[in-house]
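What follows is a set of notes on a single structure, which appears directly below.
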Amino acid sequence: MVSKGKTAVVIGAQWGDEGKGKIVDVLSENFRVVARYAGGHNAGHTVLIGGKKFVLQLIPCGVLRPGCRGVIGNGVVLDPIAFLNEVQRLRDLGVAVDGNLFVSSRAHVILPYHRMVELASENAPGRVKIGTTSRGIGPSYEDKMGRRGLRVADLLDSTLLKKHIENACKEKNTIVHALFNAEPIDPDKMYNEYAKAAEKVAPFVTDTAVLLNNAINSGESVMFEGAQGTMLDIDHGTYPFVTSSSATSGGAVIGTGVPPTSISTVIGVTKAYCTRVGEGPFPSELHDAMGDAIRKKGNEFGAVTGRPRRTGWLDLPLLRYSNMINGTEWLVVTKLDVLDELDEIPVATSYKIDGKESEEIPAQGCGFDKIEPIYTKLPGWKTDTTKISKYEDLPAKTKEYLKFVEQQSGAKVGILSTGPDRDQSIYTDAFVNALGLKHLGK
């Protein structure tokens with residue numbers, strides 16, 4: 001009997017932007033398939049290879065590695081135009097996309113009226129601003145859950161596509177005009193554009209659930225690439241300031257069609273501090289010069305939107321919560337170098353809520369308003385870590401910081417990232433041995 005291939009789910013342990021793209025890239029040489037399972041082209045992953053900058057929004061990072069296939073699973077919402085533009089950008093950079101990239105026939109499609117509805121809704125008077133990327137992600141998921149969405153398989157059926165667009169435009173145009181006084185969308189123009197796009201998308205489309213299960217059952221290794229972060233998860237995040245899909249490890253099963261028993265390990269990616277884009281609770285947020293300094297040194301601006309990220313200290317109650325929800329076995333700590341010059345590093349270890357110490361994560365967004373973080377101050381290492389390549393060569397105080405994070409969070413540190421390049425990655429021996437890594441992302 002052939003043993004099943006190893007699998008790993010890589011998730012964001014915070015509010016997204018943790019550096020998952022780089023980590024998936026450096027690990028992907030050890031995997032034959034990398035699969036996206038949630039989100040859309042609102043998830044910006046930046047990867048630097050040989051001086052070239054690759055910004056991936058929808059396509060899995062694995063396609064940047066020769067011999068590694070990329071899969072866009074059924075849990076993703078696909079904007080066909082954005083997808084084709086990203087494919088062309090990769091071709092222009094010399095990436096072999098054709099024959100190495102596959103799109104689920106069951107993935108739902110983002111259409112122009114989804115963006116129109118989102119923009120109108122986000123800017124409506126009296127509406128709570130979520131801080132979306134205005135790319136139609138949420139409304140597409142709404143149509144999916146309302147059983148009125150268009151799937152990729154339907155996109156390829158010209159008769160069904162035309163009928164769907166005609167009916168949907170009648171509904172959406174009526175809604176946005178009545179509620180937001182927005183201009184209507186021309187269904188004929190939309191059909192012509194998307195019928196042409198469908199012809200170019202068609203060669204990538206397949207039943208990716210079959211592809212992934214066959215790969216695992218034949219002994220191939222598969223990595224599942226999460227989007228956003230746990231605290232943006234539709235169920236477990238800081239609702240309503242969340243994304244519209246499952247950003248946790250459980251989403252990998254639902255969003256690709258593989259069974260839960262096929263998941264070997266979960267890798268959680270966290271920055272050495274915290275960031276957040278858009279609105280919503282952020283207990284350890286910094287509103288002073290230190291927050292500005294971290295933003296500047298960490299280049300904390302969105303890969304997709306360019307928006308400045310809010311910054312704050314590492315929040316261990318949130319990290320413990322993320323590890324619990326995801327079953328995280330290994331941690332990847334990124335942006336460690338951003339803290340290199342600090343004399344001391346505060347870390348939130350618990351909260352004070354209504355005068356009482358607590359580690360509970362409030363279910364209500366307003367509950368976070370009552371939180372006062374309790375900090376433990378750790379000594380800084382005052383050493384440049386960007387050129388260190390071995391764990392044993394790290395400063396003693398850096399190791400103390402990492403050991404503290406391990407003890408407090410309940411997960412083991414597997415990788416440290418000290419810069420944007422592939423070779424600015426430090427692996428622990430325990431992680432390398434546990435995953436059987438042969439290539440260390442150079």
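Placement of Cβ uses the backbone N, Cα and C atoms for every residue, glycine included.
Record features (Swiss-Prot):
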BINDING   16-22, 44-46, Arg309, 335-337, 417-419  GTP binding site
BINDING   Asp17, Glu18, Gly19, Lys20, Asn42, Ala43, Gly44, His45, Thr133, Arg147, Gln228, Thr243, Arg307  IMP binding site
BINDING   Asp17, Gly44  Mg(2+) binding site
ACT_SITE  Asp17  active site, proton acceptor
ACT_SITE  His45  active site, proton donor
BINDING   Ala303, Val304, Thr305, Gly306, Arg307, Pro308, Arg309  substrate binding site
Which of these recorded positions is closest to Gly19 (GTP binding site) if you go by CA atoms: Gly44, His45, Gly306, Pro308?
His45
Hey, which of the binding-site residues Gly19, Pro308 is the loneliest by Cβ count within 10 Å?
Pro308
Tally every other Cβ atom lying within 10 Å of the Cβ atom of Thr46 (GTP binding site).
18
By a simple count, how many Cβ atoms lie within 10 Å of the Cβ of Gly16 (GTP binding site), its own Cβ left out?
28
Of these binding-site residues, Asn42, Gln228, Thr305, which scores lowest on Cβ atoms within 10 Å?
Thr305
Sparsest Cβ surroundings (other CB atoms within 10 Å) among the recorded positions Lys22, His45, Arg307, Arg309:
Arg307
Considering only the binding-site residues Asp17, Gly44, Gln228, Pro308, Arg309, which residue has the minimal Cα-Cα separation from Leu336 (GTP binding site)?
Asp17
Largest tally of Cβ atoms lying within 10 Å of a Cβ, found at which of the binding-site residues Gly44, Gly306:
Gly44
Expressed to the nearest Å, what is the distance separating Thr305 (substrate binding site) and Lys22 (GTP binding site) at their Cα atoms?
18
At the Cα level, what's the spacing in Å between Gln228 (IMP binding site) and Arg309 (substrate binding site), rounded?
14
For the residue listed as 'active site, proton donor', the one of Gly16, Asp17, Arg307, Arg309 that lies nearest, given that the binding-site residues are compared by Cα:
Asp17
Within 10 Å of the Cβ of Thr418 (GTP binding site), how many other Cβ atoms are there?
25
Using Cα coordinates, what distance in whole Å links Pro308 (substrate binding site) and Thr418 (GTP binding site)?
21
Number of other Cβ atoms within 10 Å of the Cβ of Asp17 (IMP binding site) across all protein chains:
29
Taking only the Cα atoms, work out how far Gly44 (IMP binding site) lies from Gly16 (GTP binding site), in Å, as a whole number.
9
